[in-house]
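K.L.:
Okay, so TrEMBL annotates it like this:
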COMPBIAS  10-26  compositional bias 'Polar residues'
COMPBIAS  33-45  compositional bias 'Basic and acidic residues'
COMPBIAS  60-71  compositional bias 'Acidic residues'
DOMAIN    137-307  domain 'Amino acid permease/ SLC12A'
DOMAIN    388-597  domain 'Amino acid permease/ SLC12A'
REGION    1-78  region 'Disordered'
TRANSMEM  136-157  transmembrane segment
TRANSMEM  169-190  transmembrane segment
TRANSMEM  211-235  transmembrane segment
TRANSMEM  255-275  transmembrane segment
TRANSMEM  282-303  transmembrane segment
TRANSMEM  404-422  transmembrane segment
TRANSMEM  443-463  transmembrane segment
TRANSMEM  493-514  transmembrane segment
TRANSMEM  542-562  transmembrane segment
TRANSMEM  568-590  transmembrane segment
Amino acid sequence: MASKGGTKKGTPNSCLKNDTGASNAAATGVTIKDSDELGEPRLSGDRFCVTKSGTHAIDMTDEGPESDDNDDKAPHGVQFSVDTNTTVMFDNKMDLYDDEGKDKSVQTLLYDYTHPGANNEEDQEPKDKANLGTMLGVFMPCLQNIFGVIYFVRLYWIVGEAGSVEAFFIVFSCCGVSILTSLSICAIATNGQVTGGGTYFMISRSLGPEFGGAVGILFFMGISISVAMYLAGSIELLTTYIVPQMNVFEDKYNNARLFGTLLLILVAACVFIGVKFVSKFALVVLSSVLIAILSVYIGMFVANPEGSMKVCFLGDRLLEAKPISENGILQCHKNSSGPMYHLWCNNGTCDPYFEKHKAELRPGVPGFSLRLLKENYVNHYGKIDTLVGEGYGEQGRGEISRDITTSFVILLAIYFPSITGFEQGTSYSGDLKDAQKSIPQGTLYAVLVTSIVYLSTVVMFSACVEGQVLRDKFGTSIHDQLIMSRLSWPTPWVILVGALMSTVGAGLQALMAAPRLLQAIAKDNVFPILQRFSYMTNQGEPVPAIALSFCIAEIGILIANLDYVAPIVTMFFLICYGFVNFACALQSLLRTPHWRPR
């Protein structure tokens, strides 16, 4: 309750002997029970001080302002002991809720007093003056963590498979989850004085260490697995679209395991270098991502049939470009001298589908068209190995087929990780000028901006791109090029470079955040089994926690398939967000005294 041998707050002069003496103490309703010789109670300004040698008790009653003599209610009070050689000083200030009135009774002051122990995270060394605003401190970090690999390499495919209506609903529902959860996080952030420490510290200090520890473990697992998701996307960009010559194995997933592990080691080495290196890289990543997104919008507005890439159709079946190309030029015709004839005919006998349907070149991105908007309205779900057109096909003939079974739930699970990351807006809470204002504004603005970008992109994809091209996940109909990169203006490299930097940067940020989150949980000793992960080096690096995060991420890398890793990330974050929203709703319904968000 108080520190021995001195005053806990203020200067020694604030508790000097007062002329009013014990009469003031009596006026406040404070009764002092002696078990030894007791010093005189003193009132100094708005502070109440008691000094003694020996153990004594303070019995305090407060009948409340303007008490009526006929009031039957008994006065309420509080008793507690004070150790020897102790000066207890209570300040008539409440930093946490300083807008609730200035006139407090001594009983309220004594009841609300909390002794700040030496082990509290709040008792840290003085830091530099916080000077970050809403834009740089919250909004930009949120944008960097939300825009990621799914937006660049899977969103167009989701639109093609689900159709514009169901794809819009998938994106809208996920954005709704992010908005609701961001509101809950904002409520937690404004529930009292905001200090540094990020999301886990705010949740554990507002909702309790047990709940904070449970949510923190889910956050840790989700972030660690997301490292594998980001790096798997990076390797897909490198080995499929940017440098396909680097492939060592014929199986693309073995290549993903090899190069993903090497990239993970490189990212872990960057994390060991320190936080400063990662933070310097963040601004470059965010700039490239924003430029890439802007180039997509410009590209879809200027798209036209004449300048569009051409793709080959046989009936409604989209064909791969390489098997029917000569010297890089598509030979989309049924002449007996052409490659299509040799693929579909044998000894003069041709496949009935080949004989029945016409081969033709069409613009893959003809630009805005009501015809496309109408055709891409419905879903085109299918089982594994089915064609992006209809029925089953043969890859040996250049037909493009699905590599996984698709459905509404599967596509929802794959897309959901693209809206995570908004909780990282609290990472710089200790460096903000006005955290209670900046965190809600910056987080909500970032979620709204990204939601508008995602929803508008769904509409533009369905109105500007042929449906079969959207369902060509790996761009084999356009010589193994990323579909989204062909939409960018003025060059596909804007998207490729921006997407690669986004995925690598997000993986770097995640591998930096996950170990520090685990170290904070271990330091709170909520789970004693995690105590060994509380260790930090002299340079402030949580080496054991980094090693565990590395191992979890490596498990995800060995899965290799981005479409299989993303649903795992979805499950962890969905459970985590659900608990956060449930806790905030329950606190509000129960009206608990410590839950008072602004």
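One-based numbering along the chain as shown.
Each residue, glycine too, has its Cβ placed from N, Cα and C.
Please go over these features one by one and say how buried each is and what sits next to it.
P.N.:
Model confidence over the domain 'Amino acid permease/ SLC12A' (388-597) stands at 88, taken as the mean pLDDT rounded to a whole number.
Within the chain, the transmembrane segment (211-235) has long-range Cβ neighbours (under 8 A, six or more residues past its boundaries) at 148-150, 152-153, 199-201, 203-205, 255-256, 259-260, 263-264, 267, 417, 420, 423, 499-500, 503-504, 506-507, 510-511, 513-514, 517-518, 520-521, 524, 526-527, 548-549, 552-557, 559-562, 565-566, 568-569, 572-573, 575-576, 579-580, 583.
Panel annotation: around the transmembrane segment (255-275), residues 227-228, 231-232, 234-236, 238-239, 246-249, 281, 504, 507-508, 511-512, 515, 539-541, 546, 550, 553-554, 557-558, 560-561 of the same chain, lying at least six beyond its termini, place a Cβ under 8 Å from a Cβ of the stretch.
Within the chain, the transmembrane segment (404-422) has long-range Cβ neighbours (under 8 A, six or more residues past its boundaries) at 142, 144-146, 148-151, 154-155, 158, 161-162, 166-167, 170-171, 173-175, 177-178, 181-182, 185, 222, 226, 229, 379, 381-384, 443, 446-447, 450-451, 454, 506, 563, 566-567, 569-571, 573-574.
Using a Cβ-Cβ cut-off under 8 Å and counting only residues 6 or more beyond its ends in the same chain, the transmembrane segment (443-463) has close neighbours at 134, 138-139, 142-143, 146-147, 151, 155-156, 159-160, 163-164, 167-168, 171-172, 175, 178-179, 182-183, 185-186, 293, 296-297, 300, 368-370, 372-373, 376-377, 418-419, 422, 425-426, 470.
Using a Cβ-Cβ cut-off under 8 Å and counting only residues 6 or more beyond its ends in the same chain, the transmembrane segment (568-590) has close neighbours at 177, 180-181, 184-185, 187-188, 203, 207, 211, 214-215, 218-219, 221-222, 225-226, 229, 413-414, 416-417, 420, 556.
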K.L.:
Do any residues, 6 or more residues outside the transmembrane segment (542-562), come within under 8 Å Cβ-to-Cβ of it, and if so which ones?
P.N.:
149, 153-154, 220-221, 223-225, 227-229, 231-233, 236, 253-254, 256-257, 260-261, 264, 268, 271-272, 511, 514-516, 518-519, 522, 532-536, 568
K.L.:
Against which stretches of its own chain does the transmembrane segment (169-190) lie, if we need a Cβ under 8 Å and a gap of at least six residues from its ends?
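P.N.:
Counting only partners 6 or more residues beyond its ends, the transmembrane segment (169-190) has Cβ contacts under 8 Å with 158, 162, 199, 202-203, 206-207, 408, 411-412, 415-416, 418-420, 422-423, 426, 429, 435-436, 439-440, 443-444, 447-448, 450-451, 454-455, 458, 574, 577, 580-581, 583-584, 597-598.
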